[in-house]
Amino acid sequence: MNEIYLIGLGNPGKKYFNSRHNIGFLLLESFSKKYNSNFLLKDKLKSSCSEFQINNSTFKLFLPNTFMNNSGDAVRAIVDWYKINLDQILIIVDDKDLPLGKIRFRRKGSSGGHNGLKSIIEQLQTQNFKRIRIGIGSPPITNGKNHFNTISHVLGNISLDEKSILDKVYSRVIESLEQINTKKEEYIINELNSFDKDQP
């Protein structure tokens, strides 16, 4: 049976639950809920974990409890515990440099300034792992763009208007993940990267 390891990036705790930076958590929680599976804390993996099957595939979902900037600690623990190849993991992460609702599936790449990805790259000593980036848009410019604006934006709560867009994104990504072992990866990459949030 094929096993897929999905790791959503975010910050634990109610304070950050609905923040833009927690899109990785929110998407995987939506996926897990669809299959009536609950997340359980596993200290050895430094994550909350959920598991379910779709056809002949076992999906293992992880929400690191390390906080975003130390996400690599959890990913390292997961990789070591399950003794898996890096091509079996897929990271779900927010991206402030992509327009709201835009999806980018990449097989490898730099952190792009994202501290969660930076931590993973440092722990794994490679950039060669798959990731799905979900756009949250840039912070509004007031008196010129500044660092504080960026922090406030990514840690700010998702608005109702944003949620209506992101719900479409979650559905699209989940639908593609469900087919990850029945369709060629290139097809799924193209499907996600061409997603248009404005289509009905």
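Just so you know, glycine gets a Cβ as well, placed from its N, Cα and C.
Feature annotation from Swiss-Prot assigns active site, proton acceptor to His21; the stated evidence is sequence analysis. If you look up Swiss-Prot, you'll see Tyr16, Phe67, Asn69, Asn115 marked as tRNA binding site, on the strength of sequence analysis. Under the heading site 'Discriminates between blocked and unblocked aminoacyl-tRNA', Swiss-Prot lists Asn11. The annotation site 'Stabilizes the basic form of H active site to accept a proton' is assigned in Swiss-Prot to Asp94.
Sequence-distant contacts (6 or more apart, same chain, Cβ under 8 Å) of Asn11 (site 'Discriminates between blocked and unblocked aminoacyl-tRNA') comprise Ser19, His21, Asn22, Phe67, Met68.
Those residues of the chain, other than Tyr16, Phe67, Asn69, Asn115, with a C-beta within 8 angstroms of the mean position of the tRNA site C-beta atoms are Asn11, His21, Thr66, Met68, Asn70, Ser71, Gly116.
Comparing local CB density within 10 A for the binding-site residues Asn69, Asn115, the maximum falls on Asn115.
Of all the Cβ atoms in the protein chains shown, 24 others lie within 10 Å of the Cβ of His21 (active site, proton acceptor). With respect to Asp94 (site 'Stabilizes the basic form of H active site to accept a proton'), the closest of these binding-site residues in Cα terms is Asn115, chosen from Tyr16, Asn69, Asn115. Put plainly, the recorded positions Tyr16, Phe67, Asp94 were compared by Cβ crowding within 10 Å, and the winner is Asp94. Max Cα-Cα distance over the annotated tRNA binders (Tyr16, Phe67, Asn69, Asn115) is 16 Å.
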